[in-house]
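Taken from Swiss-Prot as is:
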type     : residues : note
MOD_RES  : S45      : phosphoserine
MOD_RES  : K70      : N6-acetyllysine
MOD_RES  : K99      : N6-acetyllysine
MOD_RES  : S122     : phosphoserine
REGION   : 144-173  : region 'Disordered'
COMPBIAS : 153-167  : compositional bias 'Basic and acidic residues'
CARBOHYD : S162     : O-linked glycosylation site
Amino acid sequence: MDIAIQHPWFKRALGPFYPSRLFDQFFGEGLFEYDLLPFLSSTISPYYRQPVFRSVLDSGISEVRSDRDKFVIFLDVKHFSPEDLTVKVLEDFVEIHGKHNERQDDHGYISREFHRRYRLPSNVDQSALSCSLSADGMLTFSGPKVPSGVDAGHSERAIPVSREEKPSSAPSS
């Protein structure tokens, strides 16, 4: 059986009008303009893939900052309410878990769940940890650092998530 292999510089006559990037979509995050106009990318090359950097930054990547005075985690959880989130400190780790049951949105029914685990620096004061959810869905987990030589206190406990009415001051990537 002979299989015809098409050179990348030659395209089908209607090739630009067929969506060929089905697996580039971030399911549950909606569509961008270039998802609706697939012929723009295939006119360059049939092997061209849209950059996903913008989509990845908007899809829940966290940012961890650890400076001299404090430790902060920023996490985009815009699809979750404070009741859907659980934040626990287990020895040297903070575990953030989010889950919401199936609900209807513009495209059908969807359920989401994530689990993130971060190592806390040894000099973070675990008795002063706080967690808040901004109006735009940015979860901020923070704790002050203590001078070296002072016991930071390690224990297992749940951190309540408080709701803020203002948007986050986290950097937009």
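Cβ coordinates come from backbone N, Cα and C, glycine included.
Taking the C-alpha atom of K70 (N6-acetyllysine) as reference, the shortest distance to any of the recorded positions K99, S122, S162 belongs to S122. For S162 (O-linked glycosylation site), the number of other Cβ atoms no farther than 10 Å from its own Cβ, over all displayed protein chains, is 11. DSSP assigns K70 (N6-acetyllysine) to a strand. If you measure from the Cα atom of K99 (N6-acetyllysine) to that of S122 (phosphoserine), you get 29 Å. Under DSSP, S122 (phosphoserine) is assigned to coil, being neither helix nor strand in the three-state scheme.
The Cβ neighbour count for S122 (phosphoserine), using a 10 Å radius and every protein chain shown, is 11. For the pair formed by S162 (O-linked glycosylation site) and S122 (phosphoserine), distance between Cα atoms is given as 25 Å, rounded to the nearest Å.
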